[in-house]
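Since the structure comes first, as structure tokens, the remarks are kept for the end.
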Amino acid sequence: MVWRKLPFILLLITVAVLAAATVVEKLYGTPFVQEHWYGSPLFTILWVLLSCAGLLYILRAKLYRRFWIWMIHVSLLVILLGAGVTSWTAIHGRIKLQEGASPTDRYQSEQGETLTLPFEVALERFDLTYYTGTQFPLDYQSNLLIQDGERSQSLRGAVSMNRIFRYRFYRFYQSGYDPETTSSILSIAYDPWGISISYLGYALLAISLVGGMYARRRKVRQLLKQALVSPVAMLLILLAGGTLSAEAKAPSTPLPKTIPASVAKSLGELHILYNNRVCPLETYAQEFTEKLYGRSSYRGYSAEQVLAGWIFYYDSWVDEPMIRIKDRSIRKLLECYEGKRVSYRQFFDLQGNYRLEALLDNYIQHPDQPGRKALFEAHEKCQVIQSLGLGESLLIFPVQSHGTIAWYHPASTDLPAEMPLDQWTFVRKSFNYLSELVVMQQWDEAQDFLVKLRQYQLKEGGESCPSAVRFRSELYYNQLSPFIGLLAKILATIGILLFIWTAYQLSVGRLKDPRLVKWGIWAVIYGSMLYLTLMVILRWIVSGYVPLSNGFETMQALAWIVLLLTILAGRKHRVLIPFGLLMGGLSLLVASFGGSNPQITPLMPVLHSPLLSIHVLVIMIAYSLLAFMMLNSCMALILSRRSTVGTHLEALSRLLLYPAVALLAIGIFIGAVWANVSWGRYWSWDPKEVWALITLIIYALPLHCESLRCFRSQRFLHVYLLIAFVSVLVTYFGVNFFLGGMHSYA
């Protein structure tokens, strides 16, 4: 019957078209693909055909007899209808308003046309709020005056990030600002019907997905009975000793000079303005050391001692081969022929000329040449040392002036003119005094001076300094964070060994493990869960927002969710334990890669929304379930000759499939609502949005076993779920590191 197969054929065509569109966007750019692909009439026709085929399927299959299943499909049609109405009737544009200028009714459409509003709007006042003591924006707010001649009325309203102003179906969003002209840039969206229809579809979909889960309760109980159950767990704990984060073999040269650990600890407890926020100097020291060496310690020295060495004993460190250079051609240029580390002096020739200068000029003129990233990474490391040597990065002196707080470094020449002489002298001369104490090795006096300097910071820094709880939390976080890589290796190693052992046990039909091993495995799981929980809580306290804003934080959250699911379900479903350990370890390994960004920075204004945190959290839970299904399918294919085991593993995959797809769908439309609140578009065909939709379609297909009988086969289901996980990898890693887009944080 054609009507039964046609929707799925069109879905596969849609997946192929969408995947190709993201590649075309990478090659030819976003404007090209928006105009010639997503804006093409053929693309619209494809969605219309898909909607009609879906409607025909709903009617011919008499889905109304199964109310919740019918509701799910109807809600999808409503969402498509809302998208179509938005596409055909919505108008989007921008308007630039200067503070104090006369009201205007003209704005520019996205196509560059001048359009007219049915009312006039003026900017009465523009407020730009910064994080205290920094120049990093916290929020923008435009206070508007609306003059409506047609209705003979005037009113005032405010627009800020994640706060919309609505009038006569026009929605105003804060898009940006021009600091030179004191102008506010607003996005305008006119979509009187499409948004409401789409939101109705989202609400119906959420209700119907939950209702569908309730309707499947009998089937869920049946699958639970079939799923693999075991009262015990597993394997000897084998640690990959020696490879777990041991220090690299130390050079045979004498140690460079630095200050004692106790004095360095006091130095690390100073405040510093770094990465647009005030934090412990210990944080800057750790990231300084990791930037140069790749680790947070060097030859037994703490990060604070390394930083102090470069500050106070520059000549002792300038020949120290501690700067990691990954690229062989850059090392050769710096005359490094052994190992992967160079000294700072090697960046310059005997005449003091910068060895990378000519290459940098060439890459600036020809930016598309290969090797650009490696060159600029090496150049950045050199710049970090130069900035420290000049004192420019040591913004440790807060000064209050005209009701604001600014942070200065010891060599600052732009100190406020109205500063008292004694304060000016303290800022300009105190670090010289500290250097003299270090040279004379008067460590007690140096430590006392650091305490007094911290007292000055707390007094003058005022509200710009973090609270005592937040400051102490960051110190604890800095002590715990270096162990993420170690934990990742432990979990991944145990996970792999346990996966192999579990597969062997299932193949021979014996599931008996020593009690001591069982306790050891659960100790590792609970210990890891406790560690990650502390890390998340501390990072949350330090940053002031839910830590789900970048690649490092989302992968850490994924590991936490995976371990939580393992704890909740692992005792009943034994096969999930190696999956949880392996996925948790791999997630943390990815989080600790250099491509991720573990730095804590102030949140961009547009990201200050609870919807963002909910969106990311729901999506990551869905990804966790999909990852479990992938590993479960891998286990099932390895043990395909044992029919009993295959039945159990098939039941487990089917048990996880529906909630995974439901959470993925809910997460996508929560993200759509957040996007609409933030910048006026609930769907913009960004590569990550497209691949999330592709992933949803791919994983929704196995739910249609009655129409697609191939999914009734155990082997086909497991092969499909194993291959389908590629879409998840592309959605998360492919978009971040290759395809790019608004959602990329690589």
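Numbering starts at 1 and runs along the chain as it is shown here.
Using the three backbone atoms N, Cα and C, a Cβ is placed for every residue, glycine included.
Predicted automatically and left uncurated, TrEMBL annotations should be read as such.
What TrEMBL lists as transmembrane segment is 37-59 (among others). Residues 3-4, 6-7, 10-11, 13-14, 17, 21, 24-25, 70, 73-74, 76-77, 80-81, 83-84, 87, 685, 707 of the same chain, all 6+ positions outside the transmembrane segment (37-59), place their C-beta atoms under 8 angstroms from a C-beta of that stretch.
Look at TrEMBL and you will find 64-179 tagged as domain 'ResB-like'. Residue counts for the domain 'ResB-like' (64-179) by DSSP state, with H, G and I taken as helix and E and B as strand, are 25 helix, 65 strand, 26 coil.
Here TrEMBL flags 68-91 (among others) as transmembrane segment.
For 193-215 (among others), the entry in TrEMBL reads transmembrane segment.
Residues annotated as transmembrane segment in TrEMBL: 227-246 (among others).
Sequence annotations record features per position, and here TrEMBL assigns transmembrane segment to 483-504 (among others).
According to TrEMBL, the feature transmembrane segment maps to 516-542 (among others). Residues 232-237, 279, 466, 469-470, 473-474, 476-477, 480-481, 483-484, 487, 490-491, 494, 498, 553, 556-557, 559-560, 563-564, 566-567, 570, 577, 580-581, 584, 600 of the same chain lie 6 or more positions beyond the ends of the transmembrane segment (516-542) yet place their CB under 8 Å from a CB of it.
Taken from TrEMBL, the feature transmembrane segment applies to 548-568 (among others).
Annotation source TrEMBL lists domain 'Cytochrome c assembly protein' at 549-743.
Taken from TrEMBL, the feature transmembrane segment covers 575-594 (among others).
Beyond its flanks by at least six residues, the transmembrane segment (614-639) meets 499, 502-503, 506-507, 546, 548, 554, 557-558, 561-562, 565, 575-576, 578-580, 582-583, 645-646, 649-650, 652-653, 656-657, 659-661, 663-664, 666-668, 670-671, 674, 692, 695, 699, 714-715, 717-719, 721-722, 724-725, 728, 732 of its own chain at Cβ-Cβ distances under 8 Å. What TrEMBL records for 614-639 (among others) is transmembrane segment.
What TrEMBL records for 655-677 (among others) is transmembrane segment. Listed as Cβ neighbours of the transmembrane segment (655-677) (distance under 8 Å, sequence separation of 6 or more from its ends, same chain) are residues 79, 162, 164, 195, 198-199, 202, 205-206, 209-210, 212-213, 216, 220, 223-224, 227, 609, 611-612, 614-616, 618-619, 621-623, 625-626, 628-629, 632, 683-684, 689, 692-693, 695-696, 699-700, 702-703.
What TrEMBL lists as transmembrane segment is 689-705 (among others).
Here TrEMBL flags 717-739 (among others) as transmembrane segment.
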Beyond the flanks of the transmembrane segment (68-91) by 6 or more, those residues with Cβ under 8 Å of it: 44, 47-48, 50-51, 54-55, 57-58, 109, 115, 188-202, 204-205, 207-209, 211-212, 214-215, 669, 682-683
